[in-house]
Amino acid sequence: MTLYSKIIGTGSYLPEKRVTNQDLADQLAAKGIETSDEWIVTRSGISARHFAEPEQKSSDLAVNAARKALEMAGLQPNDIDLIVLASSTPDFFGSFPSTACIVQKKLGMTNNSAAVDVQAVCSGFVYAVSTADAFIRAGVHKNVLVIGAEVFSRILNFDDRTTCVLFGDGAGAIVLSASEEPGILATKLHADGRHSDILSVPGSVDGGAVAGSAFLYMDGPAVFKLAVSVLEKVAHEALDKAGMTSDQIDWLIPHQANIRIMNSTAKKLGLPAEKMVVTVDQHGNTSAASIPLALDVAVRDGRIKKGQNIMMEGVGGGFTWGAVLARLTDDLIAR
């Protein structure tokens, strides 16, 4: 019997604190830094984002999203035998214990299931799905909880208007389950470390102190140029693996970073704007959380239906990029 994986549940969570462009403009103006709602929207398509409270960590956001995904899947936490969590803002500065293990604890799991973090920044979710899919296809795991969770507000320099207006906090999750019917049709991952310096948090820990900057740095033009060049290619690579063409894509869910990058990708794939799920306007760039957040929104509002093909693709620091081509094999119903 050939094993495949399929999506049986989705979930998402946004912190309660919603911050509009005007809120940020007012905050920056108090420091003598000029920006505006029009400036931000024109360059990014973003109108608002959510920020976590000081006591909220990535694991807290992840647990909320995970519970919703488990509820939709009709599973209990101990039915999960692997957690794969993508985040570049883990609970602990040294990245251990893993945020996946903290999520396991907070979900009350007692079955000693495997748990691991994946770090590919904004490509993290597609890396995590590809990892989970491979474990299921190999017969190693049956039910896998895949999560993208971020609190990017912790690494933003609020004196830098070019970056602090772009990002938000949130989490998204899916449950992948073993199936005789293919749900994840193809995945394709890439990385090019030669571009590791264009998007990073360049600081490190030395003797208990931060050496270098603990804030996000981004060379915006370089990131834009690379993103638009690789997203079309990796989508076609995934389609080729599945023996499909772009006209068979029902929904495009790109990483929600910048509406200009997203529109360019859809256009290059020959897809109309109405076939693209867009949440960047209200969520901002939530890094590894952006794709599962958008997926959950579109599943719960009824846009994505059983039998439809979904192209999910991400691009992020590293430089990393990848695509997941999936088909919804079940009617996913919010319980």
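The chain as shown is numbered from 1 upward.
Even glycines carry a Cβ here, placed using N, Cα and C.
Because TrEMBL annotations are produced automatically, they should be read as predictions rather than curated entries.
Given the ranges 106-110, 176-180, 256-260, the record in TrEMBL names 256-260 as region 'ACP-binding'. When secondary structure is read from DSSP and collapsed to three states, CYS122 (active site) falls in the helix class. Straight-line distance linking the Cα atoms of HIS255 (active site) and ASN285 (active site), rounded to a whole number, equals 8 Å. Model confidence over the domain 'Beta-ketoacyl-[acyl-carrier-protein] synthase III C-terminal' (239-327) is summarised by a mean pLDDT of 97. Listed in sequence order, ILE46, CYS122, PHE152, LEU166, PHE167, GLY168, HIS255, GLN256, ALA257, ASN258 are the same-chain residues six or more apart from ASN285 (active site) with CB atoms under 8 A from its CB.
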